[in-house]
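Straight from TrEMBL, the features:
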DOMAIN    19-218  domain 'GH16'
ACT_SITE  E104  active site, nucleophile
ACT_SITE  E108  active site, proton donor
CARBOHYD  N112  N-linked glycosylation site
Amino acid sequence: MGFKWMLMLLVLLIRGAMGAMPNKPIDVPFGRNYEPSWARDHIKYFNHDTEIQLSLDNLTGTGFQSKGSYLFGHFAMHIKMVAGDSAGTVTAFYLSSQNNEHDEIDFEFLGNKTGEPYILQTNVYVGGKGDKEQRIYLWFDPTKEYHTYSVLWNLHQIVFFVDEYPIRVFKNSKDLGVKFPFDQPMKIYSSLWEADDWATRGGLEKIDWSNQPFVASYKGFHIDGCESSVNAKYCATQGKKWWDQKEFQDLDKNQWRLLRRVRDKYTIYNYCTDKKRYSTMPKECGRNRDVPRKSSKKN
């Protein structure tokens, strides 16, 4: 992380400009909120189950899921990514509903050759349709220590955070005819799996099984959401939780500034600017401020 970038964040924090940050995640043991979903023998537990490791080998990957389903809330995980040559691997942390026309909110961390930066891909699915990919380079080495990845989801917006930095916002633009996930409870999932047909340089870099097992570490397991049955269409506490309040209906000025800096410096793909896929820019891109700025020398 560059000195100017760190200094800017420090100044904003001192000024209290991050007042609309989500509540601080509360760390709990794995079993409080989660359970294995597949290949449970590839999950190891440490420190009284406050830390786990997922392992991928040439037999299988593995994953886990939340015990409950949620309509809106704040969901966070501390993750340390696969180290070394992780090409062809994907570490995923996401929310998803349970039917054919599902909603989904994705973090996907795409492995790379040793020394190359990790790529973080985000996506939003509504009614079974995604095609809203954005990719950024992370500005730190996510394999050296834990970093926090979180989603704030309410009726007004979805915000993706890396540590304190908003890296993407997806606003409710139903008035523009754009679908928004609001009536399908979602479970939270995480998994480590092999996807060398697309994950690294479009599948050009294949997984090197001589480096197995590939290991990702987790702790935190924070969930603060409106727990609902999978068939619920409405949260019983709608409007009463902290994430429903006015200060969380939009980013503040300085959060938008931080987000713009991430976009300007670290974005490597944005569906909003992909004219081969979309001859006309998708309607939501303007409201999400995904429209590129005119060339500027200012930071």
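From the backbone N, Cα and C atoms, a Cβ is placed for every residue, glycine too.
Distance between Cα atoms for the residue listed as 'active site, nucleophile' and N112 (N-linked glycosylation site): 25 Å, as a whole number. Other C-beta atoms found within 10 angstroms of the C-beta of the residue listed as 'N-linked glycosylation site' number 21, with every protein chain shown included.
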